[in-house]
Structure formats: structure tokens, C-alpha cells
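Listed in TrEMBL:
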TRANSMEM  26-44  transmembrane segment
TRANSMEM  114-131  transmembrane segment
TRANSMEM  198-215  transmembrane segment
TRANSMEM  247-268  transmembrane segment
TRANSMEM  275-295  transmembrane segment
TRANSMEM  315-342  transmembrane segment
TRANSMEM  354-380  transmembrane segment
TRANSMEM  407-425  transmembrane segment
TRANSMEM  437-455  transmembrane segment
Amino acid sequence: MNILIALIVIIIVGYLVIKKFKPQSVLLAGGLVMMLISFCLGYTTQFVDAKQQTGNIIFDAFQYIVVLAGKDVAGLGLMIMTCTGFAKYMDHIGASARLVTVAVKPLKKMKAPYLVLAITFIINMFMSLVIPSASGLAMLMMVTIFPILVRLGVSPVGAAAAVATGHLLDIGPASATTLLVAKTANIPVHAYFVDYQLKVYVICGLMAAISHYVWQQYCDKRSGHVVTTAVEQEENVEHTELVVGPMIYMFLPLLPLIFILGFSPYAIGSIKMNVNLAMFLSLFIAMTCELIRLGSLRKVADSITVFFKGMGNQLSNTVTLIVAGETFAFGLTSLGVVNSFVEGIKGMALPFDFILVGIAGLIVVLSVVMGSGVASMFAFSPLVPGFAKELGAEATPMLLAMQNSASVGRLLSPISAVIIAVSGMANISSVDLVKRASVPAIVTFITSVICIILFY
């Protein structure tokens, strides 16, 4: 009975998300409905601790959201907000653009178009470590890398595919899903990044770069595209004014990563560092650089609003989605779905690796349908620790597989923000762009799952 109720709610939630309803509202409503049904059917007797109870079960359901929101905003939410605020400030002062332009400058002299495409893809991947927004990074690359690739002779859709998939997997201390996984698995962010993400990321990146080199070249030939450097094809992209800071600014986006890894057990372990502290220290250094460059205390003081506006935007988008996703997950837990699922799997005696592949595949499908990997991660990741514990397995590898799968699903969805943004700037169809991104994305998914099974 509980499984049937959960399936009905999940189907309705998925349908509404596809119909462009706000996922926050839909997930909250779905979670509340399942919580109240679970109480009525006797699957649970309370939603909050005795000290937090209101005396009314309906009020208690909403009290759960209040308690959850307070915890998330002060914890994981604050980390995500400071990361986004810093990224916005880097865009504002031109530091991100400077880092990108310096990285791609040597490629302008190369004459092998598809080799350059593969190299620029790898550079794009590196940039995703310090530019956590897939769409934001793609926009930078569309005004820097895209014209270079097209001028060298790559087709616009092939060049756009390399740009759109550059933020291949969410990775690094600035990524919202990385922070979520680290919190859910109860491990330090730097440990998750170095011990789990990095190795898989490098291998996936190399495999994706090779697949781009082969696939884009094959598709261009099949479509009759003639490789020529004589045609000024960069007009295919809608030009956007790019703010580029001084040369020294190329190091500013790297500061949080340097702080987090530098003051950790991998380097200087005697000094404690966290994500929020790293972001505020980096912001202070960046503002000091701006004061030296501009010589205007008022302008620099006013510029901090960019940082806080970035935090506010992330609060209204991602942090609210975290609360909604955890409420939805709690609804499933209240119905006893997780326990029923675990018991069913135990009865089938399925190996853990098989389960991992199945869950990873499910997350890909959900991300394609929703157009976002974040929504599916925040909805289902809270269930993983208890699920893995019941199976006698470690939660972190499963969470890593889910995170990578969510990123891949975003690249296969014609309604995802990054695909829509890149296809719009390149004046091509989002469906055509997904076709060009499909093989590298699928190769990445397969490589990721194999690596996680072999390594962990």
C-alpha cells in the first residue's frame, strides 16, 4: 500500500515538474501529503521531537519544515550561498573572464580543429572547479572558446557541444551538490573532493575528451560540413560584452580552492579551514585588489552588494530546493518506502554494484525529465545513508554515482538551463545540441559507474 501511494505521488510530482511547475512548491506539497498520509495509516506517529511538537499533527508537519529550514539555511545553505556570492563577484570584477582568456590564448595558434576542441573541453572542465555554475561557465566559453573553434573549422553545433558539456560533472568545494554529498555522507568537503571525486573526474574527463574528438569529427563529416578556416563563422554566436580584469586577477577565482586544500590534512593541517571562511577570505582579498586598481573606496564598498545579491539569489533558488527536497524525502521515509525497498532488495539478494548502477540510471532519467540534476539530488540523496546502512554498504560511493549521474542527465536534457543557453547563443536547436552532447555524456556515465565500482 505504502509503495503504491509513494509511486502515485512521485508520478504526480514528476508530471508537474515537467509542466514547468516550480519544483520547490511541488516537492513541498508532495512531502507534506505523504507525511500526513503516513500518520493517518499508522506508518509514523510524529514528525518532530517532543520538544518541538505543537500539539497538532498538521501543525507538526509544517513545524518539521520550519526546523529543517533553520538547519539548512545556517549550514549547507550558507555554504552554497557564499560560494555563489563569490562566483558572482568574480564575474563582476572580470576575474573569471581573465582566467578563461589566459587559458585559451595559446590555442588560437593551433591548426588542428578537433584536437583544439578536445583540449578546450579539458580546459573547460578545469574551469568548472572554480566556476560552479554550468550556465555561467558556458556563457564565458561561448564568447571566448566558441569563436576560436568555429574559426578553425569546427561546425557551430560541434563547438557548442564542447562548450555545453565542459561543466561535465559537478565537482569541487564550490559545487552545491558536492556540499550536499559531503554533508549527507558526514565527511569533510576536502576529503570528499580529493579522496572520491578527483580520481573519477580526471578519468571521466579524458574519456569524454576522446569521445568529443571522435564524435564531433564523425558528425561533422556525416552532415557534410567542410572544415575550413577561411570562413568567419563566429558571427553565429550572439556576442556578449565580456568584462576582463587585469592579468593578476586570473589567480583570484583559485583562492577558495587554495585555502580549502592548503589548510587541510593534505598540506597545513594545524590550521582549520571551512568553505564559508575560505569564501569570505577570498572576497576580502579580491576587494583589496579592486581598491588598489580603482582607487575608490566608495566603489569597492558598494561592490559587496554583488556578493550578497548572489547569496540572496541562491537562497531563493537552490537553498529552498534543498528544504523542499528533504521534505519530500522525509515524506517517503515516513511512509516506510525506504524500509520496504531495502527489504525487497534483500529478498532478491541483488549485489550492491547492480543496485548502484540501477540508482545511477534512475537519477539520469529523472535529471533528463526535470532538466536539472540538482532537483533529483536534493530529493533522493537524504535517503541514501539509511538505505546503504541497511545493505551493509558505504553511502559515499552511491552518493558520488548519483551526483555524477545527475550532471550527465543535465547534459542530455533539451530543457536544461545550460543546453538552452548555449543553443540560444549559438543559434542552433537544443535537440541538435543534445544529440551532439549525447555520446560524450553517455561515455562519461559508463566511465563514472565503472570507476566507482572498481575504486570504492
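A Cβ is built for glycine as well, from the same backbone N, Cα and C atoms used for every other residue.
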Next item on the list: Count the CB pairs under 8 A between the transmembrane segment (114-131) and each of 26-44, 247-268, 275-295, 354-380, then give me the winner.
Entry: 247-268
Check: Which listed stretch (247-268, 275-295, 315-342, 354-380, 437-455) has the most C-beta pairs under 8 A with the transmembrane segment (198-215)?
Finding: 437-455
Check: Which residues, given as numbers and ranges, are at least 6 beyond the ends of the transmembrane segment (315-342) yet have a Cβ under 8 Å from it?
Finding: 2-3, 5-6, 9, 13, 23-28, 30-35, 37-39, 43-44, 47, 64-65, 68-69, 72-73, 76-77, 80-81, 84, 176, 180, 374-375, 377-383, 386-387, 390-391
